[in-house]
Amino acid sequence: MDSVSFEDVAVNFTLEEWALLDSSQKKLYEDVMQETFKNLVCLGKKWEDQDIEDDHRNQGKNRRCHMVERLCESRRGSKCGETTSQMPNVNINKETFTGAKPHECSFCGRDFIHHSSLNRHMRSHTGQKPNEYQEYEKQPCKCKAVGKTFSYHHCFRKHERTHTGVKPYECKQCGKAFIYYQPFQRHERTHAGQKPYECKQCGKTFIYYQSFQKHAHTGKKPYECKQCGKAFICYQSFQRHKRTHTGEKPYECKQCGKAFSCPTYFRTHERTHTGEKPYKCKECGKAFSFLSSFRRHKRTHSGEKPYECKECGKAFFYSASFRAHVIIHTGARPYKCKECGKAFNSSNSCRVHERTHIGEKPYECKRCGKSFSWSISLRLHERTHTGEKPYECKQCHKTFSFSSSLREHETTHTGEKPYECKQCGKTFSFSSSLQRHERTHNAEKPYECKQCGKAFRCSSYFRIHERSHTGEKPYECKQCGKVFIRSSSFRLHERTHTGEKPYECKLCGKTFSFSSSLREHEKIHTGNKPFECKQCGKAFLRSSQIRLHERTHTGEKPYQCKQCGKAFISSSKFRMHERTHTGEKPYRCKQCGKAFRFSSSVRIHERSHTGEKPYECKQCGKAFISSSHFRLHERTHMGEKV
C-alpha cells in the first residue's frame, strides 16, 4: 500500500471559495488541518518542505502550527488583513520544478533542493547519527567579529560570508555575485525580464513582491510624517522621507565618500565606480547602468512618446522634456538662481546655470580630460570620440549623435515651428532658438568670458569662444585627421570626403554642400547685385565679396604668414599659401589617388579622367579643361603674345 502524504488528505479551497467562508468556518478549517498534520506525524510521516525557512525554527514556532498557518495564509491574504483582490498572481515556479538548489553544503559546496536533504548530507561529513546531528545543529554559535549569537550552525556559517566576502552565487550573464541565494534569484529576473507578481486590478506586473505590495490599490497610507503631514503606503518609504527632514545619509561610498539617504541611490552610485551595466538592449546591444536609462533608450527603437502635451499635442520620449515643454505655454519660470536672480523654466536648467558661478565640473572625459558640469554632457561629449550616432530619422534614415540634432533635422521634413516670439511674431522650431532670439530684443548677454570680457547671448557660443583661448579642437576627422573647434565646421568638412550635396537649386538643379553656397548661387539667376563699391561702382552678389574688393582700394592685408611675412587680403588665400610651407595636400582624386593643395586643382584634374571641357571658345569652338587655359587661348585671337 502506498504511503499517505499530507496533500492526499488535505482539503483545498480556491481563493473565491475561501472568500465565501465566515470566520468560524475558517477557524474550523485550521483546526482540522492541524489535527490531520498531527496524525500523519504520529504515523511517522516526515515532512520535507523546501519553503520552511530556518528563521521560523529559530523563532521557536511549532512546525505543525506554522505549516497550517502558512496554508491558510495562502488563501486569506497577508497577516495585515489583505483582501484577496490585493493578492498577486504568482507566476514563478518552485525550485523543485526549475532545478534550482539554494541549499549549499559549507564543507564540500554541494547544492540541494531541500534543506532536509542538506541536513542528511551533512552527517556524511560529521559522522553523527540523526539525533546527534540535530543536537549539533542546535548548539549556539557566536561570531567573533561582531559578537552576534546564532542558534544553528548553518545560520552562523551563512553569516560568516558577510565578513569573509565569499559570494558563492554568481550570475552567468553579467558575473555579479551574491552572498545569499534569494537575492541572486531575484537578480536573475532582471535579465530574464520575469515579473511574477501581477496586480489583478490593473494588470501591472512586478519583479519583487515588495514592489507589488507598495503598488496596492487600497488607498491606505498608514505612515504619516509628523513634520509635514505627508503619508506613505510602506514603512521603508516613510523612513526614507524622514531623512529629508533630518538630513541623515547613512549610506556612504567607500571610494569617494559621497553619502546617500536611500540604499537604492547608493547602489546605483556604486556603478559609476565599478562600470557595471546590467541592463542590455536586445536590439542594438548597448548596455546601461540604470534601469530608467535602459527604459528611456528602448523608446528610441520603438518610437514611443508616452508624454503628450494637451495644449498643442506634441509628444515626448521623456517626462523631464514634457514638463519643461508645458511651462513654455504658461510662460512661467519658477526656478531662480540665488546668485544672480536669473529665472528658469526647469529646476535642471537652474542647477546647470548655478555651476557657472561655482565652476564645478565633476564629470571628466577619460580620453581627453575635458570636464563637464553634468553626466549627460559627458556622455554626449564621448560620442565625438566614438562616432556613435544612435538617433535615426525614420523618413530619410540619416543618423545623429544627439536627440536634439535629430529633432532639428526632423523639422526639415515637417516644417513645424511651434515657438513664436511675442514681440515680433517670428517662429522657431526649438525653444532654445526662441530664447536666443528673444535676447536680440533685450540685448541680454549673460555669458561673459573671464579672460577677455567678451559677452555672449548663448551658452553654446560662449563655450565655442572659450576654445579660442584654450586651443581646444574636440572634433577630429577620422579620414584626414583635421581637427575643428565647432561641430558644425566638422560636419561641413566631412562632406568634402563624402561628396554629399544636400542643397539643390530649384531653378537649374545644381547641388551644393552648404546652404550658404546655395543662397549665393541663387543670386546668379536673379541677376541682383545689391552690394556696390562706393569708390568704383562695381557691384557684387555677396557682402563678403565687397569687403574683399574694398581692400584692393585700401591696400589692407590683414592675414600675414608667420613664416615668410607675406600678407593676404582674404583668409582663404592665406590658408592656401600656408600649404606651400606645410606641404599639406588635403584634396585627393578618387580615381587615381593623386593629392592636391587646393579643391579647385582637384576639380580641374578630375576632368582629365571624365573628359569634361566646360570652357569653349566662341570664335573657333575649341574647348578647355580650365578657365586659365581658356583665357590664354583667347589672347591668340586678339593678337596678344602669350
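Note that Cβ sites are derived from N, Cα and C of the backbone, with glycine treated the same way.
Between the listed ranges 21-43, 251-273, Swiss-Prot ties the annotation zinc finger to 251-273. Look at the zinc finger (447-469): DSSP puts its residues at 11 helix, 4 strand, 8 coil. Using a cut-off of 8 Å between Cβ atoms, the zinc finger (503-525) and the zinc finger (531-553) share at least three residue pairs, counting only pairs 6 or more apart in sequence. Counting same-chain residues at least six beyond the ends of the zinc finger (447-469), those with a Cβ under 8 angstroms from any Cβ of the stretch are 356, 436, 439-440, 485-486. Residues of the same chain lying 6 or more positions beyond the ends of the zinc finger (363-385) and with a Cβ under 8 Å from any Cβ of it are 352, 355-356, 401-402, 472, 474-475, 487. In the predicted model, residues of the zinc finger (197-217) average a pLDDT of 74. Sequence-distant contacts of the zinc finger (419-441), counting only residues of its own chain at least 6 positions beyond either end whose CB sits under 8 Å from a CB of the stretch, comprise 324-325, 328, 404, 407-408, 411, 457-458.
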